[in-house]
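Visitor: Pulled from Swiss-Prot, these are the listed features:
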| type | residues | note |
| --- | --- | --- |
| REGION | 1-20 | region 'Disordered' |
| COMPBIAS | 1-10 | compositional bias 'Acidic residues' |
| COILED | 22-42 | coiled coil |
| COILED | 98-151 | coiled coil |
Amino acid sequence: MNQEDLDPDSTTDVGDVTNTEEELIRECEEMWKDMEECQNKLSLIGTETLTDSNAQLSLLIMQVKCLTAELSQWQKKTPETIPLTEDVLITLGKEEFQKLRQDLEMVLSTKESKNEKLKEDLEREQRWLDEQQQIMESLNVLHSELKNKVETFSESRIFNELKTKMLNIKEYKEKLLSTLGEFLEDHFPLPDRSVKKKKKNIQESSVNLITLHEMLEILINRLFDVPHDPYVKISDSFWPPYVELLLRNGIALRHPEDPTRIRLEAFHQ
């Protein structure tokens, strides 16, 4: 059994190739005849010179004929079929596997390169994250320390300021009361008992009267110690003219329901 028996199409392929060669030879002979005709025409013209346009036209005509013949040959030519023997199949398989291997190696190389770049990016981002966490921890510690310092400083500062203000107010109050006492003792003294005895309509009382300064201190202390009930009972030690003086000048107010009780006007409110 020979190769032609294994491949029945091989005889047909050989015949097609032979026919194509014969046709190509005929076309070449026709082109040769055309060239001879052109040569004869040139000989008949003699010494006449062809113009550039005629010469170019002749060359173009020849090129068109050559290209037409070549195109016709390729159109009529059928691809040669390779007999699919075991060796051929193995060779084709090896070529395909080799090509596939090269493609896969290229893809693998690309993926490895991308993975390497992603790994570098991940490491860089991780380092950045660690640095940010360290900075955040440091800032938290610093914030906590500053907060404690500010709170301690603020509390101690406020306490010292309030203490200083209270001392200043206390000193000012004592100074004001001292000045007020001196003023009241000079201008509003207690009634002279010798003068009282001369007046027939005034009975001598065994009660010790208090000064206007002492009356005001009682009213002031009551106002600040018991602000919800600042009224004071008018006792026998309060000299009535001084009580009326305080009421007439708006320094003291009577209780709306009990006229025997008075209070100091809240000038500080």
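Cβ atoms are placed via backbone N, Cα and C, with glycine included.
Help me picture these features in the structure, burial and contacts included.
Guide: Within the chain carrying the coiled coil (22-42), a Cβ under 8 angstroms from the stretch's Cβ atoms is held by residues 50, 58, 62, 65-66, 69, 72-73, 76, all 6 or more beyond its ends.
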Visitor: Averaged over the whole of the coiled coil (98-151), what is the pLDDT?
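Guide: In the predicted model, the coiled coil (98-151) has a mean pLDDT of 90.
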